[in-house]
Amino acid sequence: MKRMIALDGAQGEGGGQILRSALSLSMITGQPFTITGIRAGRAKPGLLRQHLTAVKAAAEICRATVEGAELGSQRLLFRPGTVRGGDYRFAIGSAGSCTLVLQTVLPALWFADGPSRVEVSGGTDNPSAPPADFIRRVLEPLLAKMGIHQQTTLLRHGFYPAGGGVVATEVSPVASFNTLQLGERGNIVQMRGEVLLAGVPRHVAEREIATLAGSFSLHEQNIHNLPRDQGPGNTVSLEVESENITERFFVVGEKRVSAEVVAAQLVKEVKRYLASTAAVGEYLADQLVLPMALAGAGEFTVAHPSCHLLTNIAVVERFLPVRFSLIETDGVTRVSIE
């Protein structure tokens, strides 16, 4: 019988990252775990619908035995079974992030007995989680270089707080993992601005694009009007294509916040990324830790290691026989496997 791993949910960022990472790693390694103090660092601690959906999805995919899987629970026991490929559908029932549920279960399906399709309904444009276009255009091309083949499709947008979005991913078992080396991003090739609108006046998007264009030389400026029933909602994105990597940054519009202020938040984030020579942004760094650990080697550079990143590394090191090295040089942090 494999040893039970005990985790403290208040560790590090004190949010849902510990739980999501633990679920992924437990399914992959077969090691059971308990976690207490789930989301202890949040104003509303315990399992929300998004986290509960991730737990139930993980349990279904590997036929796990679970205790404490209920809304508001701050303690969970998860004893995994064998990961099975198949066609899965999960509904969050709120505007909780579809992509965070997918990111919990997809790594386990890299080790399944056959190809899978996972469809999740809920929120697709959520201020606290990467949107589907980030997964599709930034993360998945890098995963493909590592020998991981998955394809995400956004079937319907669902903006916070209403939800109603649908995202699906097709994924195949991984034959072998390749290492990823992302020490430098290289020169910028082009930058693309994009605005999504649903039930919001077009002039909002035009003002947001104008704000982006006032700070950056944009090779493309795209405005996409979605059906009104997918809103109301507004997301502004800026994609930075460099020689070695494409990064994508986003901000979700809010009621009573002007278009200029929304876009200015995005400008500030992109300028912070461009001010350093780091290849990887904050969100992407979180997502690369697990596949890099499974490959057993690789490296990337990030401007500042976030609390999410450090928490993720700590959980990975509890489940896998790897150790990460973080070395700061010339204003960037180089993250690698020792």
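Note: Cβ is positioned from N, Cα and C throughout, glycine not excepted.
Taking the Cβ of TYR283 (ATP binding site) as centre and 10 Å as the limit, one finds 21 other Cβ atoms among all the protein chains shown. Feature annotation from Swiss-Prot assigns ATP binding site to GLN103, TYR283, LEU284, ALA285, ASP286, GLN287; the stated evidence is sequence analysis.
DSSP assigns HIS308 (active site, tele-AMP-histidine intermediate) to a helix in the three-state reduction. Within 10 Å of the C-beta of HIS308 (active site, tele-AMP-histidine intermediate) there are 20 other C-beta atoms, taking all protein chains into account. Annotation source Swiss-Prot lists active site, tele-AMP-histidine intermediate at HIS308.
HIS308 (active site, tele-AMP-histidine intermediate) is 10 Å away from GLN287 (ATP binding site) when you measure Cα to Cα. Sequence-ordered, the extra residues of this chain that approach the ATP site, with Cβ no more than 8 Å from the Cβ center of GLN103, TYR283, LEU284, ALA285, ASP286, GLN287, are PRO130, LEU139, GLU282, LEU288, VAL289, HIS308. Inclusion criterion for the binding-site residues GLN103, TYR283, LEU284, ALA285, ASP286: a C-alpha placed within 10 angstroms of the C-alpha of HIS308 (active site, tele-AMP-histidine intermediate); this criterion is met by TYR283, ALA285, ASP286.
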